[in-house]
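Structure, as structure tokens:
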Amino acid sequence: MEISHVPDDSCPKKFALPVDSEHKATEFRLFSFAAPHMRAFHLSWISFFACFVSTFAAPPLLPIIRDDLDLTATDIGNAGIAAVSGAVFARIAMGTACDLFGPRLASSALTLLTAPAVYCTSISNSPVSFLLVRFFTGFSLATFVSTQFWMSSLFSGRVVGTANGLAGGWGNLGGGATQLIMPLVFDLIHHIGATKFTAWRIAFFIPAFFQTLSAYGIFFLGQDLPDGNYSQLHKSGDKHKDNFSQVFYHAITNYRGWILALTYGYCFGVELTIDNIIAQYFYDRFNVNLHTAGIIAASFGLANLFSRPGGGMLSDFMANRFGMRGRLWTLWIVQTLGGVFCILLGKVGSLGVSVAVMLVFSVFVQAACGLTFGVVPFVSRRSLGIISGMTGGGGNVGAVLTQVIFFRGSRYSTETGITLMGIMILCCALLIALIHFPQWGGMFCGPSSKGTTEEDYYMSEWTSSEKEQGFHKASLKFSENSRSERGREIIRSAPTPTDRTPNMHV
Amino acid sequence: MAIQDFLVASILLSCFIATSYGVSFSSLPETLVVTASPQPGQVLKAGEDTITVSWLLNTSSPAGIDFAYKTVKVKLCYAPISQRDRAWRKTVDDLEKDKTCQHMIVAKAYSSSNNNFTWIVQKDVPTATYFIRAYVYDSNNKEVAYGQTTNSNKATNLFDVQAITGRHVSLDIASVCFSAFSVVSLLGFFFLEKRRSKASQAK
């Protein structure tokens, strides 16, 4: 255990991990639970995992629920859409909440406020009440933003990519784990003696308890910042509160944010859609039992263990050699391949091949999610929070759109819907070609001939009066560090940045 | 890696799964006459009410037609109105894939007359409109004939089942209590947080 003594006002602070001047950890030790850094990592991915488990607890039990509540295919489709639509705006709002109250309070508050929706799933008795509980439970997916925000506050640029990729990926694991957990819990309760229509209701208490417990864990064991919690910290002049309308304006006028929101809708949105429909698909099309359908569906989400973090690491690796253009090309290739395997998934008719194709598809689509957040941190420095929230929200919009068009009612069979979804992935991925950074280039064009630098790009977000007051200093530092996005061959005479690139996968 | 093993296993598995085609329903003769106790439009309560089914060989059938008949399985089947917008109850001619009849009432050895059975509607039967069909199987367990309580359009003599909700008062109370507990906890958190920050400011 390394201990850094950092001179402080009152007493020297001791941290279990090496820290930089902001007390952000410069190392990531996965198996440590030391406060505040690694403890916060584990608390945040576990609570995000719990929220995913709750949001997707219904799909694996749908074959029972649809009989109990007399649901039609349209009802099921609408509930699935409701489950992912709530988080669209919640994710954007969560960024602001983290700014105001800190990620610890914001995420434990949201988790506790959505827990009643999970408890009340047990007492739903109609298609409408089922839709409502799924809608409100889905708000909890906004904890994605607090997870990423918290990691960015506690880990330095050198390791924040790993921290964010793992926290995001392992949280998404919940969508897979729930497909295993819920049928198992249901079976157990059914065996003990409850009828089927009661057993599924009791089963929902498990994710609800888990969510409540994780909120308690975050509140009592977590800490917003290395030096303390928001409410306790004396807010010195260092922490200047930015102008919300300016930050908002610079976020929505940056077209790259909108493109990434749409393309994230067709990797993460697709992942959410599959979480909703895949268990029923295997149960109905291949006549496997509930247990088996759950296991197959789970393996889709469980690939997140390595595929999303892997995507983030791949993005960093490509940027090291080819800069931002490498990130963009890799994102396009991986997402397009995801689309190809999605088309294939809808076409194959035998169980074994279908499972194999689904696994390959899952790796590509989840890696694309990780790759997207390799580009997001560079779109804007001033409005990073809102751009991240927009992209995250865009993921949910994609899930809503896809389910409305292809998986609602009986217009398309599920397999046709899956193939059409794959075609849509291919089309939306093409938009990545339109992303162009004047200082680095895009997929097809090099950097702008005007010789725009990183400073020009990031300073354009500040007015001259703001610069006079010195508010832009953090962005200036970031511009220097982001020079590595030019790629290895191009960095010749540029001075070596003092810090390494803050690869902030948010 | 675990994923590679899984891939190999699933590819091997797919080689062993033979595509099977079942008997086609339209090829089956309707040689059984099936009658059941529910009146047309009657609503039966799951877990409480009973259905009495009786079946016998149609007396106008040619002699010896039941030579191969070995077992009879009587099933509760969905009427077309309960299949609408529910692909998991779809009627398909290939009996391997057909999902019309999902609830087994009784399986008995075949005899040409004097068959009846009283069945309590099980608690996992969903709310829907039903009729009853009996399939006759030969010694290879393949369908060879059938009989049903409704006509060929499945439009007459249908009855309803009202399912149990699965809800219990204790569950309702538990849900409400734990929900309230969560919200109260949150208020407690905010209160605690305010107290802590005041305490540290006072220092």
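Backbone N, Cα and C atoms are what each Cβ position is placed from, and that goes for glycine too.
Note: TrEMBL annotation is automatic and uncurated.
Non-local neighbours of the transmembrane segment (A:43-64) in the same chain are 71, 76, 79-80, 83-84, 103, 107-108, 111, 114-115, 118, 121, 130, 134, 137-138, 140-141, 143-144, 146-147, 150-151, 166-168, 170-175, 177-179, 181-183, 186, 196-197, 199-200, 203-204, 207-208, 210-211, 213-215, 217-218, 221-222, 275-280, 283, 290, 293-294, 297, 301; each lies 6+ residues outside the stretch with a CB under 8 Å from one of its CB atoms. Residues or ranges marked as transmembrane segment by TrEMBL: A:43-64 (among others).
According to TrEMBL, the feature transmembrane segment maps to A:76-94 (among others).
Long-range neighbours of the transmembrane segment (A:100-119) within the same chain, counting only residues 6 or more positions beyond its ends whose Cβ lies under 8 Å from a Cβ of the stretch, are 44, 47, 50-51, 54, 57, 90, 94, 133, 135-137, 139-140, 142-143, 146-147, 149-150, 153, 204-205, 207-208, 211-212, 214-216, 218-219, 222-225, 229-231. The transmembrane segment annotation in TrEMBL covers A:100-119 (among others).
TrEMBL lists A:131-150 (among others) with the feature transmembrane segment. Below 8 angstroms of C-beta separation, residues 40, 44-45, 47-48, 51-52, 54-55, 58, 75, 78-80, 82-87, 90-91, 93-95, 97-98, 103-104, 106-107, 110-111, 113-114, 116-118, 120-121, 124, 164, 167-168, 171, 211, 224, 373, 385, 388-389, 392, 396, 505-506 of the same chain, each at least six residues beyond the ends of the transmembrane segment (A:131-150), sit close to that stretch.
The transmembrane segment annotation in TrEMBL covers A:170-190 (among others).
The transmembrane segment annotation in TrEMBL covers A:202-221 (among others). With a threshold of 8 Å between CB atoms, the same-chain residues lying at least 6 positions outside the transmembrane segment (A:202-221) that come near it are 35, 39, 43-44, 46-47, 50-51, 53-54, 57, 61, 104-105, 107-108, 111-112, 114-115, 118-119, 121-122, 140, 178, 181-182, 185-186, 189, 194.
The transmembrane segment annotation in TrEMBL covers A:288-307 (among others).
Per TrEMBL, the feature transmembrane segment maps to A:328-349 (among others). Beyond the ends of the transmembrane segment (A:328-349), by six or more residues, the same chain brings 263, 266-267, 270, 311, 314-315, 318, 322, 357-358, 360-361, 364-365, 367-368, 371-372, 374-375, 415-426, 429-430, 432-433, 435, 442-443 to within a C-beta distance below 8 angstroms of the stretch.
Under 8 Å from some Cβ of the transmembrane segment (A:355-379) lie the Cβ atoms of residues 148, 161, 164-165, 168-169, 172, 254, 256-257, 260, 263-264, 267-268, 270-271, 274, 278, 296, 299-301, 303-304, 307-316, 319, 324, 327-328, 330-331, 334-335, 337-338, 341-342, 344-345, 348, 387-388, 391, 395, 425, 435, 437, 482, 485, 502-506, all in the same chain and six or more residues away from its ends. TrEMBL lists A:355-379 (among others) with the feature transmembrane segment.
Summarising the annotation, TrEMBL assigns transmembrane segment to A:386-406 (among others). Beyond the ends of the transmembrane segment (A:386-406), by six or more residues, the same chain brings 77, 80-81, 84-85, 87-89, 91-95, 141, 144-145, 148, 247-248, 251-252, 254, 257-258, 260-262, 264-270, 272-273, 276-277, 369, 372-373, 376-377, 379-380, 412, 416-418, 420-421, 424, 506 to within a C-beta distance below 8 angstroms of the stretch.
Annotated transmembrane segment per TrEMBL: A:418-437 (among others), in sequence order.
The feature region 'Disordered' is assigned by TrEMBL to A:468-506.
Among the features that TrEMBL reports, compositional bias 'Basic and acidic residues' is placed at A:480-491.
Per TrEMBL, the feature compositional bias 'Polar residues' maps to A:495-506.
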